[in-house]
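Following: one structure in structure tokens, then a few remarks.
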Amino acid sequence: MSSSPSPFGQNEWLVEEMYRKFREDPSSVDPSWHEFLVDYNPEPTTDSSASENGQQTRTAAPKAPPEPAPAPAPKSQDSKSQAPKQDSKPQESKPQAKAKPAESKSSTKPADAKSEKSGKSGTNGAAKPAAQPADDSDQNQVLRGAAAAVAKNMSASLDVPTATSVRAIPAKLMIDNRVVINNHLKRTRGGKISFTHLIGYAIVAAVKKFPNMNRHFAEVDGKPNAVTPAHTNLGLAIDLQGKDGNRQLVVAAIKKADTMRFGQFIAAYEDIVRRARDGKLTAEDFSGVTISLTNPGTIGTVHSVPRLMRGQGAIIGVGAMEYPAEFQGASEERIADLGIGKLITLTSTYDHRIIQGAESGDFLRTVHQLLLSDDFFDEIFRELGIPYEPVRWRTDNPDSIEDKNARVIELIAAYRNRGHLMADIDPLRLDSNRFRSHPDLDVLTHGLTLWDLDREFKVNGFAGAERKKLRDVLAVLRDAYCRHIGVEYTHILEPEQQQWLQERIEGKHEKPTVAQQKYILSRLNAAEAFETFLQTKYVGQKRFSLEGAETVIPAMDAVIDQCAEHALDEVVIGMPHRGRLNVLANIVGKPYSQIFSEFEGNLNPSQAHGSGDVKYHLGSSGTYLQMFGDNDITVSLTANPSHLEAVDPVMEGLVRAKQDLLDKGDTEDGYTVVPLMLHGDAAFAGQGVVAETLNLALLRGYRTGGTIHLIVNNQIGFTTSPAAAKSSEYCTDVAKMIGAPIFHVNGDDPEAAVWVSRLAVDFRQKFKKDVVIDLLCYRRRGHNEGDDPSMTQPSMYDVIDTKRGVRKSYTEALIGRGDISMKEAEDALRDYQGQLEQVFNEVRELEKHEIEPSESVEADQQIPAKLATAVDKSLLARIGDAHLAVPEGFTVHPRVKPVLEKRREMAYEGKVDWAFAELLALGTMISEGKLVRLSGQDTRRGTFTQRHSVVIDRKTGKEFTPLQLLATDSDGNPTGGKFLVYDSPLSEFAAVGFEYGYSVGNPDAMVLWEAQFGDFINGAQSIIDEFISSGEAKWGQLSDVVLLLPHGHEGQGPDHTSGRIERFLQLWAEGSMTIALPSTPANYFHLLRRHSLDGIQRPLIVFTPKSMLRNKAAVSDIRDFTEQKFRSVLEEPTYTDGDGDRNKVTRILLTSGKIYYELVARKNKESRDDVAIVRIEQLAPLPKRRLAETLDKYPNVDEKFWVQEEPANQGAWPTFGLTLPEMLPDHFTGIKRISRRAMSAPSSGSSKVHAVEQQEILDEAFAP
């Protein structure tokens, strides 16, 4: 008998089958086989093995295979192995029968398990018996195809002298780490890792240390040789099921496995298995196997001695994974208590001619060591992108369960406190070699090991249980705190809030429905397609794209949707320019045509007002309709400048105004307008206004019931890396000051972002507090589209340039899970792109308008003529009476009582001082139904103890607000008016921004902010520059906020002197605001009332007095309130009410503010009839006509001076010195200045120097 083996070994049956198909129909065979099969020449399987039907069995042999042919293990009980599925365990495979050697001139049944059960041959080609023999007679059958190949190769294998090494290896570490790996894969890209993957990779790694195990024996020219292949080609035994249900074994090679990392090894492994099952293996896949892996453990075999085929040096058998036999009857609890783990037996059957027993034994020992090694699993975890440390092999700790109970409780607390440090939240993973870990979160730190995983401990109600296995405790903790969401909440002081969050974070999260997943995908499609479209159509134009952070769109959508679910009234969005156009299009619903028109520069002149602004600063509003509900909600986006975070307090003020208009109160049903604030990571950590605005969150005068903060954390600030941008661990640490929960979310997981967004709204509704969502993502391009970020962050952008977008990765995840088909995904994206293309083409066809210089907005709002601001005397009396209408039993402070009594007296008899004139103005507005809001530092009492708008009970601390009595008329009916007066925090930037926003949100309210001293207004300079002075011109955003800035030179030093008149005058243009420096209480009264009644929405800047508050000359008579109106230019009373002769005047001193009283006093002292003093009460807009009319009354004037306290380069002169001669050349040509010298500081730091300087001004003014 000739039994020379085929170079294809046990794969010979497959070659035969391919050849048969090729002869019948070449197109039925994969083209990769054609070249081989054309030259294929079948040869007889045996000398003479005629079957019962007279046919002869033949086998195939190739002419000259390029490499040694594969020689897989024979199909026997010990060696046949089905390649494990990715999620299978060894014991899950079905048993396989043992093959017997072929015998001469007789045919035996192939020992295939399914063949034995079915009574059929192991191959499709086996002939049936010619006649059915008697029941007790033997049956003969010719072996063909696979069965014949098995028989022949088993016989040939007897020529190989083999020996076998056996080693039992602890499997517990492999089991536990596989659980961690597969759970991670399940949450992310899908798929599973099998034990065979791990063992196979360990074998390849061990071969690198023992390359002799990869050699094979060969005779060359009749001489024995040991052949050392260039690479390790690991042969995998793969069990295939034919169409008739019969199973056959092929052995295909993972080529060059020694050059692969674990991820590449898995990909090659899965490719081989997939192509084997799809019938796509080629001849190349069967050639060159150098060492084989077979896994009979899948049927429970503890260990086997598989046959070694020619061309290989060793075959490794994997046995079943079992507890030691003596413990297989023990309970799980007993096994856990004893620390007993499962074992897996590996065998190394090797060619004893070239490999010795010691080498084989050391080889298995190395595999053993690798499968328990920290470094081995570290490499695997890093390759799979698992950010956590693997389970470590450590000796069991013998401490008592009672002692370990406390350690488990400590571990739970540690995860709640520090779990976020281990969370997988960075989509870039720039430090791919670093595991997310912390010593407090390591079980080893707590004296626990992998042997404790299956032991039960007391957990005191954790996750709804009193006792839990440590494995289950860790599963809950890691799912809650260490996945794609990191949570910080233990800094919150209120136990109820912590408990509420714990229950939701540690509870099982429901997976989104398929419909919800498709909706999330649609939002990502919209976000990405919008940016891609703009990038394609408007190359190089700045738009500050959202690319890399597209998850912002579904996250914002979820916030708004959940607000609608709670039946709230409105969501107001404030955000910087990054991604703003995307938000306008896909969240607010701004028409694409309008956005594209702005890119085209196609502006309609009839709609253009003022200077305008770049497209990524503009605001808009729309209505959001729930996708999975019946509610809708208004959505608005506030305009913003490029000054990052400056919009924060503005938006909060706007929201508070809307809430006050709804007037639902501080109740469960209140705060139905929700602020949604977007931030950048660098700005959130770096801009002080963030902390100022956060500080407003829980204050009575400022709270809005909780803001949802969404940080678009692209891990860079223009070119500044996080290490240079913040000293804290997170950019969000500043938010801990107000006890806000903080969620760090991986931007590559849109489902996690949506879940957190909804939770944030629920928390806000429950506790009326801020919530912070830190969405970690990246910036696909530079700070703008023309920037190259690789110049400063080369490593980061090496990663970003090769990174797939979140839309693509999420789409693949949905397709991989079978939630949607590829066609559905492509159709959805194509539909959205089609919409954009259609609108783009429509915009291109729109009428083009010639670009013209922008027009002033000044003419858009004109003060009505003859506006009456006087009031009836009875109303003044009623306000005076209100100051003494204290509640019964109320104890007024002994120093305040005289003030209240004096006010009642002034209301009836006159000589009204400044503070009371202000309260009279506000009181009349309240009585007329106006909401008046007054705030500032020390505003309720007044910096100079002048206002006392709120009176405090000396004994109980209760409050009494006299003007609130004006909210009802004399008959007790509500007027609709309100008086809201608050002391602000020690802030200017946020406080002024808030009041500006409030005035925008409620145009009908009278909103006033008072500085402690006018000097401190420069702390709010960004708000003044970006909003107050230019908001109307840039965005058409109207405000009539009032700033009260105490101003005046009184020797208190450079920081308690100036409200910086010069700066406001420099900013003034286009009627953008009214700037006034009134000098009488009555004129101040009428100024405020005119501002309230004129219907003009423009800010009012008032420089208010300090020492003049108590100047006995600075008072007003009752009829000045009942008969007069605001007068922008004032003459001396001696000319308007007395007998002063204007014809005697040769010198006019123009001035403003408190210095008027000093000039008058000097004039009277010297009896200077030749000098007249004219006050300009309104500095801007300059009252040109009124000023000219006043000057014309003095026909003999030959000298005109502008007199001011301020230095020459400050105050009104830098503006007036230029504009007055231009505006009224006939009146002001040659006008001269009298002031302090030009100074870099507003004033001298010495009161004595101040007095000398002040005297010099007066001396010069009245010099002969």
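Glycine too: its Cβ is placed from the backbone N, Cα and C atoms.
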- Which stretch does Swiss-Prot mark as coiled coil, out of 595-626, 819-850, 1139-1170? 819-850
- Listed co-binder of thiamine diphosphate (same site as R578, S642, L644, D681, A682, A683, source Swiss-Prot) among N525, N714, N746: N714
- Roughly how many angstrom lie between the C-alpha atoms of I716 (Mg(2+) binding site) and L644 (thiamine diphosphate binding site)? 14
- Task: Excluding D681, N714, I716, please set out which residues of the same chain place their CB within 8 Å of the center of the CB atoms of the Mg(2+) site, keeping sequence order.
- Result: G680, A682, V712, N713, Q715, G717, P722, C777, Y778, R779
- Using DSSP, tally how many residues of the compositional bias 'Basic and acidic residues' (23-37) sit in helix, strand and coil. 12 helix, 0 strand, 3 coil
- Work out the three-state DSSP category of A683 (thiamine diphosphate binding site). helix
- Message: At a 10 Å cut-off from the C-beta of A683 (thiamine diphosphate binding site), count the other C-beta atoms across all protein chains.
- Response: 22
